[in-house]
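> This is the structure, below, for whatever I ask next.
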Amino acid sequence: MSLPPFTCRLLAAAAALYLIGLLCVGADTKDVTAPKIPGCSNEFQMVKVENWVNGENGETFTAMTAQFGTMLPSDKDKAVKLPVALTTPLDSCSNLTSKLSWSIALSVRGECAFTVKAQVAQAGGAAALVLINDKEELDEMVCGEKDTSLNVSIPILMITTSSGDALKKSIMQNKKVELLLYAPKSPIVDYAVVFLWLMSVGTVFVASVWSHVTSPKKNDEQYDELSPKKSSNVDATKGGAEEETLDISAMGAVIFVISASTFLVLLFFFMSSWFILILTIFFVIGGMQGMHNINVTLITRRCSKCGQKNLKLPLLGNTSILSLVVLLFCFVVAILWFMNRKTSHAWAGQDIFGICMMINVLQVARLPNIRVATILLCCAFFYDIFWVFISPLIFKQSVMIAVARGSKDTGESIPMLLRIPRLSDPWGGYNMIGFGDILFPGLLICFIFRFDKENNKGVSNGYFPWLMFGYGLGLFLTYLGLYVMNGHGQPALLYLVPCTLGITVILGLVRKELRDLWNYGTQQPSAADVNPSPEA
């Protein structure tokens, strides 16, 4: 016996709701706790290190500058290619015996402070100092409390242990090694964010109008896979409970935010590769379910007879052939993405699955009125702010940012967001938005669309166009805040909630309809509606 379609959709929605409890934000590379003293107040720069071995151009490494020393040029054409020499002693903690005149000094980390190494290399005539870290990460090189004044006039930067070992090996083999150091800047605005904005707004719009656009005719209603079926009672006509929907209650909204916070803390303390793998499997199941429902719905809208042929299978019983074929297709796509999820192009499949899952969730989970919407969105509003800005005071770092970065062992993160490559950024990376930043406002906007439709409101007197504008504006303000704050993590709901819920409340007050929005679906039907009198 197979599970009912709604049960499958409800399970997928539940998995998705746990995923959206984790809202991803950006992070920066500034250390605001490091002491600021004369000569030690630089911002950390990411550096491209191009190398040549015996005249042959090799792999380009990534490095990071120190909080002291001179800044590197951002333009490659202004950088100068210089030879590299190992320091003697290799740790650069005492006077150097090697000749470094107009050369880049290559040293190793340890035994003394970064500032001591920099001063020793500069005294030895080095044009720059490259430190080899003792691990595959780039640590921030800051000044110590005893460094009351520094006068380091050469660039100081750090490379990973694997990059440093490759350079050191070539030098020890008496090969000529040359480096070109420059620090290209990321653009203030990456135009790829426009596509992310369109994907987010488009997802909310499609999810809102989906039931209306794909509403089946009476003779083919049985083949509808995604659009919820209206019940015949009075509450259904008033936006109340429907057969295949899950109405979120006020208590449920509070419990969800508390559960999401608990889950976030568990991820923070127990983040591991197997934990991420389990959540990725949940994501794949939810995305596959959403893709299946969307495709079946679209096909049966165009060809109502396509879903009429059934096939009797063991354990499953009567199954639509169309549904089975689409399910197999979605399963193959899901497996292909899962196997290639760590490749550079995996973002496209992740976005497709994410959008399908969110559209599916917004058809199942619904807000009954503005009262519940206010409770849910206000809780999510403070939840987002707390875990981004206040949690560092308790956990020594932002829990939200730490979870968003994923596992340090594998570098893999939870696929809980839409992302698109930063096309104009020399450092690559991704523009991202968390599922919660789409689904939380999306729940409100979907309710508003139903309210407008059931009350015969148009563009001029409706709420839906205003909320779509508000959501788009909120996203714009989110990215504007991100760029103004130089990439510092921004809780998106800080902007999205006022631009959606705030607009709803203001319009409701102006139009004197706030009471109707607040109590929508809770009014008791009149006796005449329940027991209509017979006609005379």
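Using N, Cα and C of the backbone, Cβ positions are placed for all residues, glycine too.
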> With respect to the membrane, are Leu367 and Gly521 annotated by Swiss-Prot as being on the same side?
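The record shows them together on one side of the membrane, with a shared topological domain name.
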> Does the chain bring the transmembrane segment (490-510) near the transmembrane segment (274-296), so that three or more CB pairs sit under 8 Å (pairs 6 or more apart in sequence)?
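As far as Cβ distances go (cut-off 8 Å, pairs 6 or more apart), the transmembrane segment (490-510) and the transmembrane segment (274-296) do not touch.
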> How many Å lie between the Cα of Asn151 (N-linked glycosylation site) and the Cα of Asn95 (N-linked glycosylation site)?
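So the alpha carbons of Asn151 (N-linked glycosylation site) and Asn95 (N-linked glycosylation site) sit roughly 17 Å from each other.
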> Select the range from 244-264, 274-296, 319-339, 429-449 that forms the most Cβ-Cβ pairs under 8 Å with the transmembrane segment (187-207).
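Comparing 244-264, 274-296, 319-339, 429-449: 429-449 has the most Cβ pairs near the transmembrane segment (187-207).
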> Please identify the stretch among 244-264, 274-296, 345-365, 429-449, 464-484 with the greatest number of Cβ pairs below 8 Å relative to the transmembrane segment (319-339).
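When the Cβ pairs under 8 Å are tallied, 274-296 comes out ahead.
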> Average pLDDT across the domain 'PA' (94-170)?
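Over the domain 'PA' (94-170), the predicted model scores a mean pLDDT of 83.
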> Including all protein chains shown, what's the count of other C-beta atoms within 10 A of the C-beta of Asn151 (N-linked glycosylation site)?
9
> Going along the chain, which residues at least six beyond the ends of the transmembrane segment (429-449) come within the CB cut-off of under 8 Å?
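Apart from its flanks, the transmembrane segment (429-449) reaches 16, 19-26, 190, 192-193, 196, 200, 203-204, 207-209, 212, 239, 248, 347, 354, 358, 361-362, 365-370, 373, 376-377, 380, 384, 416-422, 463-464, 467-468, 471, 474-475, 478, 492-493, 496-497, 500-501, 504.
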> Under 8 Å for C-beta pairs, could you tell me which stretch among 274-296, 345-365, 375-395 has the largest tally with the transmembrane segment (244-264)?
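When the Cβ pairs under 8 Å are tallied, 375-395 comes out ahead.
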